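Trainee: Below: one structure in structure tokens.
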């Protein structure tokens, strides 16, 4: 019993899938997503402080004017308060904007990736190409990924999230995702990895990721792309480097 309790206390269950009525982010698995979470929490703190201050000022003004409206009848403007409510919000916006721009540029940087994976959006499935690897036939390792239909789902699989084949990647490796589309605009989005990039026909967009823990991460197309839009899930399995090489040899 004590061993079971100790296991429960020392085991962290990560939230890497959408959950009903969720009001917060999924657990981060990359430095980019960790930065997004930290920025969100910091901004929310400032917003709550501002909300409390504005609510207190509004309540105070309403109560003051209600008790003695005649005394303030001929006050038309106040230069001091006008200067304050102009400068103070500008300072707050600068405080918020500065770290936002830093994070934005950091997320866009792709520095010396160890491998490149190309994700191509189709109506309504994904195709993945491991451009750095060639199989025994001399061809690039590539495969297509389709959603598992409801009637073929097995116990434990997630509806509209599980796919017949998964993208397999190694952890602690700088990965560059090159994203495009073959027909209409799609969007390659995996919340836990902090990835959301448009897949545009005729254009190559790129984003990097450094996955720091093993696990299965789910995403989906986040751009309305037709009647089968809901049937474009993304499933990424992050494994250790030896397991990744073993999987690669099987392709």
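Quick reminder: no glycine exception, Cβ is built from N, Cα and C everywhere.
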Trainee: Under Swiss-Prot, the annotation transmembrane segment belongs to which of these stretches: 31-64, 133-166?
Mentor: 31-64
Trainee: Where among the binding-site residues 221, 225, 232 do you find the Cβ with the fewest other Cβ atoms within 10 Å?
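Mentor: Counting other Cβ atoms within 10 Å of each of the binding-site residues 221, 225, 232, the minimum falls on 225.
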Trainee: For the Cu cation A1 site (186, 221, 225, 232), what does the 8 A shell look like? I mean other same-chain residues with CB within 8 A of the CB centroid.
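Mentor: Output for this site, in sequence order: 121, 123, 124, 181, 184, 187, 199, 220, 222, 223, 229.
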Trainee: Where does residue 221 (Cu cation A1 binding site) sit in DSSP terms: helix, strand, or coil?
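Mentor: In the DSSP reduction, residue 221 (Cu cation A1 binding site) maps to strand.
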Trainee: Take the mean position of the Cβ atoms of 221, 223, 225, 229, the recorded Cu cation A2 site. Which other residues of that chain put their Cβ within 8 Å of it?
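Mentor: Surrounding the site, in chain order, are 121, 124, 184, 185, 186, 187, 222, 224, 226, 232.
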Trainee: For residue 186 (Cu cation A1 binding site), what is the secondary structure by DSSP, using just helix, strand and coil?
Mentor: strand
Trainee: Using Cβ atoms only, which residues of the same chain lie under 8 Å from residue 223 (Cu cation A2 binding site) while being at least 6 residues apart in sequence?
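Mentor: Sequence-distant Cβ neighbours: 185, 186, 187, 198, 199, 229.
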